[in-house]
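Participant: Sharing the features that TrEMBL gives for it:
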DOMAIN    9-393  domain 'Major facilitator superfamily (MFS) profile'
TRANSMEM  12-35  transmembrane segment
TRANSMEM  47-69  transmembrane segment
TRANSMEM  78-96  transmembrane segment
TRANSMEM  102-126  transmembrane segment
TRANSMEM  138-156  transmembrane segment
TRANSMEM  168-187  transmembrane segment
TRANSMEM  216-239  transmembrane segment
TRANSMEM  245-267  transmembrane segment
TRANSMEM  279-296  transmembrane segment
TRANSMEM  302-322  transmembrane segment
TRANSMEM  334-357  transmembrane segment
TRANSMEM  369-388  transmembrane segment
Amino acid sequence: MSSQTDTISTRTIVLGTLVVLLAMGVRATFGLFMQPMGLAHGWGRDVFSMAFALQNLVWGVACIFMGILADRYGSGRTIALGALLYMLGMIGTRFATDETTLYLTAGVLVGLGQAGTTFPVILPVVARAVPPAYRSTAMGIASAGGSLGQFAVVPTGQALITGMDWPGALWVLSLFVACAAPLAYFLRGRPQSQSGPHQSLASAVRQAVRHPSFHFLFWSYFVCGFHTAFITLHLPAFVTDGGLTAGQGATAVALIGLFNVLGSFYAGKLGGKYSKKRLLAVVYFMRAFGILLLLAVPLSSWVLYVFAAWMGLFWLGTVPLTQGLIGQIYGLRYAATLSGIVFLGHQLGSFIGVWLGGYAYAKTGNYDMVWWLGVALAVIAALLCLPVREQPVTPVEARPVSA
């Protein structure tokens with residue numbers, strides 16, 4: 001690459017990583033607000049769980065439309081819009097005094113904001129900025145930004161709640177996500193038309209949804225969302241139920257983020273050398289092992305921290321591998337849109353995970369059923385990854401018509 005191209009690529013990776021860091025870091029703090037906001041307003045865990053579940057569902061559905069906006073009108077506008085909506089959602093959550101307002105702010109607005117500032121929009125920008133040989137590694141770096149944000153912002157959020165109470169903490173965190181808006185200027189641009197036959201957006205989507213591998217990726221990503229959303233929201237409460245402190249719960253969530261900086265980076269790096277689908281299967285099998293470890297051993301601070309570190313290694317490693325497979329199989333022209341569709345699967349899993357956690361706790365007083373379901377789903381996801389065909393598909397318009 002020329003020095004100018006090299007500079008642009010580096011800038012895109014760094015700033016894209018920073019946007020993901022801010023967006024995902026703030027998202028990871030929501031579990032910290034469950035108990036203080038619940039006490040302040042008389043809400044049970046099921047209410048906050050529903051708000052977070054709605055947030056994940058809106059995030060997933062909106063990712064499709066944010067992907068279309070990015071592919072047609074440019075990623076910069078999409079990221080700026082997402083940052084604005086995210087900030088308004090955080091501020092609105094501060095003033096929510098009833099369940100409906102909570103659902104509209106922490107649920108709908110924040111979900112819309114996350115759709116424009118996270119992986120389905122950012123990773124295609126990063127992938128297009130580097131040569132094919134470096135794409136998987138670059139996406140691993142950007143994905144690690146989400147984990148680094150979790151490591152840095154969750155303890156910050158806990159400190160803000162302790163020092164300023166939860167309303168002040170929400171104000172500060174809303175400023176964090178607002179910082180993503182000016183960065184959008186440097187991430188602007190639209191995907192260039194690829195050489196070869198033209199393929200429309202509608203044609204690309206039809207071709208993908210008729211391809212079996214697209215469904216395998218969709219439903220394995222569902223399981224990823226189930227795990228990450230359930231653990232992010234409910235682990236702090238699970239920890240305090242087990243006799244540990246809220247601070248230890250926040251530390252565990254932060255540790256997941258810290259260890260996933262390594263996990264995401266090396267998942268991307270290894271994905272550039274080895275079969276991405278086999279690496280994905282390994283990630284899901286290792287998650288099942290980690291949850292079994294937590295269930296098999298009496299809870300203590302060290303057991304919690306070992307679990308957090310282990311899960312962290314396999315936390316968002318699914319992202320560069322799944323996104324990498326989408327680009328590898330279906331190309332980069334409509335990668336944001338196709339990534340958004342697959343990410344909907346992730347967010348459907350997130351919706352079920354956080355809602356089921358709150359429902360199970362309300363009915364049984366514990367999370368045991370959800371943990372065991374997480375083990376079973378991890379095994380299923382690993383098996384779903386194995387039949388994925390990694391070879392690129394030929395755009396339908398490129399196929400010669402038989403005489």
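Quick reminder: no glycine exception, Cβ is built from N, Cα and C everywhere.
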Participant: Hey, does the transmembrane segment (102-126) touch the transmembrane segment (245-267), meaning at least 3 C-beta pairs closer than 8 angstroms, sequence gap 6 or more?
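Facilitator: Counting Cβ pairs under 8 Å, fewer than 3, so no.
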Participant: Near the transmembrane segment (279-296), which same-chain residues lie under 8 Å Cβ to Cβ, leaving out any that are not at least 6 residues past its ends?
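Facilitator: Contacts of the transmembrane segment (279-296) (Cβ under 8 Å, skipping residues fewer than 6 from its ends): 220, 223-224, 227, 267, 270-271, 303, 306-307, 310-311, 313-314, 317-318, 321-322, 325, 368, 371-372, 374-375, 378-379, 381-383, 385-386, 388.
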Participant: Determine which recorded stretch among 78-96, 102-126, 138-156, 216-239, 369-388 has the most C-beta pairs below 8 angstroms with the transmembrane segment (168-187).
Facilitator: 78-96
Participant: If contact means at least 3 Cβ pairs within less than 8 Å, sequence distance 6 or more, would you call the transmembrane segment (302-322) and the transmembrane segment (138-156) in contact?
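Facilitator: Yes, since the transmembrane segment (302-322) and the transmembrane segment (138-156) share at least 3 Cβ pairs closer than 8 Å, they count as touching.
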Participant: What same-chain residues lie close to the transmembrane segment (12-35): Cβ under 8 Å, and 6 or more beyond its ends?
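Facilitator: For the transmembrane segment (12-35), the far contacts come to 45, 48, 52, 55, 79, 82-83, 86, 90, 106, 110, 113-114, 117-119, 122-123, 125-126, 129-130, 138, 141-150, 152-154, 157-158, 161, 166, 169-170, 173, 176-177, 179-180, 183-184, 186-187, 232-237, 240, 246, 249-250, 253, 257.
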Participant: Mind checking which residues reach the transmembrane segment (78-96)? Cβ under 8 Å, same chain, six or more beyond either end.
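Facilitator: Residues 19, 23, 26, 41, 66, 69-70, 102, 104-106, 108-117, 121-122, 167, 170-171, 173-175, 177-181, 183-185, 187 contact the transmembrane segment (78-96) from elsewhere in the chain.
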Participant: Which listed stretch (47-69, 102-126, 138-156, 369-388) has the most C-beta pairs under 8 A with the transmembrane segment (216-239)?
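Facilitator: Checked against 47-69, 102-126, 138-156, 369-388; highest Cβ contact count belongs to 369-388.
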Participant: Is the transmembrane segment (369-388) packed against any residues at least 6 beyond its ends, judged by a Cβ distance under 8 Å, and which are they?
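Facilitator: Apart from its flanks, the transmembrane segment (369-388) reaches 212-213, 216-217, 219-220, 222-224, 226-227, 230, 234, 277-278, 280-285, 287-288, 291-292, 294-295, 325, 353, 356-357, 360.
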Participant: With Cβ-Cβ distances below 8 Å as the criterion, list the same-chain residues six or more beyond the ends of the transmembrane segment (47-69) that contact it, or say none.
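Facilitator: Same-chain contacts beyond the ends: 30, 33-34, 37-38, 77-78, 81-82, 99, 102-103, 106-108, 110-112, 114-116, 118, 120-121, 201, 225, 229, 233-234, 336-341, 343-348, 350-352, 354-355, 357-359.
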